[in-house]
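Taken from Swiss-Prot, the feature transmembrane segment applies to 4-24, 39-59, 60-80, 93-113, 123-143, 151-171, 176-196, supported by sequence analysis. Residues or ranges marked as topological domain 'Cytoplasmic' in Swiss-Prot: 25-38, 81-92, 144-150, 197-216. Among the features that Swiss-Prot reports, topological domain 'Periplasmic' is placed at 114-122, 172-175, with the record citing sequence analysis.
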Amino acid sequence: MTGSMIVNNLAGLMMLTSLFVISVKSYRLSCGFYACQSLVLVSIFATLSCLFAAEQLLIWSASAFITKVLLVPLIMTYAARNIPQNIPEKALFGPAMMALLAALIVLLCAFVVQPVKLPMATGLKPALAVALGHFLLGLLCIVSQRNILRQIFGYCLMENGSHLVLALLAWRAPELVEIGIATDAIFAVIVMVLLARKIWRTHGTLDVNNLTALKG
């Protein structure tokens, strides 16, 4: 198996884990699947670094391991503490429909990325299609889920997808760019988690349908 095939397969595994993040009922399981997905992303960065002798991506992989594999799951686990796991959740789409939509999104993205010239290798276009699809799947999660914590997970999925797109298209970007992206993502998750916890303590619900009357 060539290096490009390994990267493409790992990218496909990222899409699969994202469906588990969205679909499982337990918040802690979602955190676990997100950590696994982020570990796959770190593996992709490390593989690309070895294939193309890109020291920047090795630094990216170390940064992503600290922020995405360790910090974000810990923050999301904190957000879910003391929140019952058996609260009925409403969503526009069930797990089966989300899987079908994910497949359609990746198929559409495969056509979109055809004209794109990758600076690394043309054999990585499937990974680029999955990365773009991963971003859109995170956006779909935000739109379709009615639970605030699920929407935060959707943001995290979007961030992972955009991170992989950046690695494939602009992998020579300075390390400061990667540090800035990771820092922004961490602070965004922290702010959203604090707001979600405040809403839960005040109103006893995380369903956005019940929060339409909130005033600033």
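Note that Cβ sites are derived from N, Cα and C of the backbone, with glycine treated the same way.
The average pLDDT for the topological domain 'Cytoplasmic' (81-92) in the predicted structure is 71. When each of 4-24, 60-80, 93-113 is checked for Cβ pairs under 8 Å to the transmembrane segment (123-143), 4-24 comes out on top.
Beyond the ends of the topological domain 'Cytoplasmic' (25-38), by six or more residues, the same chain brings 14, 17-18, 64-65, 68-70, 72-73, 76-77, 79-80, 83, 85-86, 89, 149-150, 153, 156-157, 160 to within a C-beta distance below 8 angstroms of the stretch. According to DSSP, the topological domain 'Cytoplasmic' (144-150) comprises 4 helix, 2 strand, 1 coil.
Beyond the ends of the transmembrane segment (4-24), by six or more residues, the same chain brings 30, 33-34, 36-37, 40-41, 43-44, 47-48, 51, 95, 98-99, 102, 106, 121, 123-124, 126-127, 130-131, 133-134, 137-138, 141, 145, 150, 153-154, 156-157, 160, 164 to within a C-beta distance below 8 angstroms of the stretch. Outside the topological domain 'Cytoplasmic' (144-150), and at least 6 residues removed from its termini, the chain residues within Cβ reach (under 8 Å) are 22, 27, 30, 76, 79-80, 83, 89-93, 98, 192, 195-196, 199, 206-209.
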